[in-house]
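Here's what TrEMBL has on this protein:
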TRANSMEM  56-81  transmembrane segment
TRANSMEM  171-190  transmembrane segment
TRANSMEM  196-220  transmembrane segment
TRANSMEM  227-246  transmembrane segment
TRANSMEM  333-353  transmembrane segment
TRANSMEM  374-396  transmembrane segment
TRANSMEM  416-446  transmembrane segment
TRANSMEM  467-495  transmembrane segment
DOMAIN    523-671  domain 'STAS'
Amino acid sequence: HHRMFLEPQEKKRSMKALVVKQARKTCSCTPAKVKDYVFSFFPVLQWLPKYKLKEYLLGDVMSGVIVGVLLVPQSIAYSLLAGQEPIYGLYTSFFASIIYFIFGTSRHISVGIFGVICLMVGQVVDREVQRAGYDLEPAALSVLTDTAEDVNTTISPVNQTLQKLLCDKSCYAITVGATMTFIAGVYQVTMGFFQVGFVSVYLSDSLLSGFVTGASFTILTSQAKYLLGLNIPRSSGIGSLITTWINIFRNIHKTNICDLITSFLCFLVLIPSKELNEHFKSRLKAPIPVELVVVIAATLASHFGNLRETYGSSIAGHIPTGFLPPRPPDWNLIPNVALDAIPIAIIGFAITVSLSEMFAKKHGYSVRANQEMYAIGFCNIIPSFFHCFTTSAALAKTLVKESTGCRTQMSGMVTSLVILLVLLVIAPLFYSLQKCVLAVITIVNLRGALRKFKDLPKMWHLSRVDTVIWVVTMLASALISTEIGLLVGVCFSMLCVIFRTQRPEAPLLGWVAESETYESLSAYKNLQTKPGIMVFRFEAPLYYINKECFKSTLYKQTGVNPVWVKAAKKKAAKRMLKEKEGGSGGKQTSISMDFVSEPLGFHTIVIDCCAVPFLDPAGIRTLQEYGEIDVQVLLAQCNPSVRSSLIRGEFFKEGEDHLLFHSVHQAVDFA
């Protein structure tokens with residue numbers, strides 16, 4: 001055996017020097033460093049001066065206008081989902097586009113209202129609104145209003161509460177939404193500051209996809225009452241999906257026929273039109289804005305048909321023009337919503353980071369995950385002072401933005417200008433728009449998430465574990481609640497990772513003739529073995545969690561359990577000692593001696609450690625067991641980390657550290 005001599009690199013392990021070096025690097029301040037920091041914090045300063053007007057402007061303007069036209073009806077519709085008045089959805093889309101333009105590093109993603117986030121915000125808003133006492137039905141409110149007008153008395157504390165109850169429900173709802181948005185933004189900026197963008201890796205694609213699909217069922221359920229024109233309370237908490245459907249079926253006899261027919265007609269127009277848009281997207285220069293056409297047509301029909309007065313249809317109501325004066329979040333509400341903001345913050349940044357990285361990879365540029373967290377955090381913190389609720393990147397609008405020629409985030413500014421035009425001029429014209437039309441728009445936009453069921457057979461073929469994670473997360477998000485569903489998904493996916501390391505592949509290896517290669521005997525035929533030598537490969541880290549799996553698999557493969565062999569030897573040795581003391585015949589003694597020295601069928605185990613990334617002390621002790629029954633254990637293809645652990649753990653006796661081999665073939669030759 002010719003030993004290879006590898007000289008290790010010298011490592012300076014002075015922690016003090018490392019801390020001092022890092023502190024100097026962090027605390028030093030030079031003009032160049034300040035400039036780099038400012039440019040990295042405001043990416044717009046990097047790309048805007050290099051903007052190619054002739055090359056980029058047409059695509060950016062076209063995509064910005066199209067996304068803006070699509071975003072107007074969706075912003076109004078998703079406001080309903082978030083438990084807010086329509087105007088606040090338009091505010092949210094307007095401010096999010098401008099702020100991401102300044103802070104974002106992705107050229108293509110569209111940041112604004114996202115259905116799942118709106119659902120999670122709406123659930124908290126409804127809970128807090130009810131907790132504050134704003135849960136009277138509209139009929140009761142009108143009676144109280146008439147009574148208050150008839151009885152002209154001095155304002156008592158009770159009447160003050162009544163006045164607050166009568167006029168401030170929507171105001172209180174946006175206060176709750178804005179406060180939670182502020183807290184979610186603070187969480188996201190904090191995560192960016194501490195550079196914990198890596199957290200998003202724990203939210204795998206299958207987990208996020210399952211979560212969005214499960215939440216889509218909850219969104220669909222929450223909008224079903226508007227399709228039927230039912231006036232039922234919004235369920236929240238665990239099992240809200242089932243509770244909502246029970247309430248719908250209990251009240252189905254109260255269905256508003258006008259709303260039902262309108263919903264049906266809108267579905268008839270929107271679904272085929274959306275399908276045609278997708279089918280011919282390669283031929284169309286821009287998608288047909290069917291949603292806007294439906295909204296305009298439905299508003300005109302509702303206005304001139306007097307649907308509210310004649311049939312009692314629920315409408316959007318007055319949408320004011322202009323902007324409300326800025327107002328800080330309600331600091332007293334923070335303890336109530338701080339916990340709810342955590343899953344919203346995590347989902348918001350995870351979707352934003354994953355979408356930005358996906359489109360950056362597709363178009364050949366890079367994004368910074370931590371800067372994306374700053375961007376989405378400020379897209380929540382700053383607008384929270386302007387009556388907005390939580391935002392994130394949205395896949396559907398991002399795809400439209402990319403396919404219509406977007407080149408930079410200048411298209412986001414164009415989108416905000418389109419929304420500004422609506423806010424300043426057009427918004428009041430949507431007064432007569434039926435809420436059932438907005439519900440149809442929301443439900444039709446869930447098609448992408450619900451289509452994931454078609455991909456399940458392919459996903460199952462690629463990875464059964466990922467498919468199970470998808471199904472568990474989807475069911476938990478739909479049937480329990482969105483927040484608990486996310487938590488269940490994360491915990492279950494981590495358990496799957498742990499389970500994979502606990503039950504890894506661990507085959508015996510055989511020699512491929514006329515080569516130096518060793519492969520699994522259970523996977524390939526016609527492999528040769530060397531007499532007296534077992535070659536074993538363990539395809540996972542060897543540590544305290546899976547050491548029992550390692551031992552049981554190795555015992556099963558070799559057919560020898562060192563513990564039993566040692567116990568048998570001790571027993572035989574005791575029996576032999578007793579026989580000597582008792583003066584028994586030599587025949588029995590020789591039988592006992594034969595039992596003690598019975599051959600095991602092999603003298604060496606070669607362990608291929610190429611798939612073992614690390615060891616811990618428990619793993620080292622496990623490797624030493626066969627040495628105690630005079631079976632030589634040789635380790636091959638250990639990485640530097642494993643070698644270092646073995647030497648520190650005194651695995652080798654003095655002078656035996658040469659028994660580490662750089663290939664399995666080398667170890668077998670030595671044996």
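Using N, Cα and C of the backbone, Cβ positions are placed for all residues, glycine too.
Counted as Cβ pairs under 8 Å, contacts with the transmembrane segment (467-495) are highest for 227-246 among 56-81, 171-190, 227-246, 416-446.
For the domain 'STAS' (523-671), the model's pLDDT averages out at 77. For the domain 'STAS' (523-671), residue counts in helix, strand and coil come to 71 helix, 20 strand, 58 coil, using DSSP. Outside the transmembrane segment (333-353) by six or more residues, the chain places 109, 111, 114, 116-117, 120-121, 124, 128, 131, 175-176, 179-180, 183-185, 187-188, 191, 197, 199-200, 203, 208, 211, 367, 369, 372-373, 375-377, 380, 390-393, 395, 482-483, 486-487 with a CB less than 8 A from a CB of the stretch.
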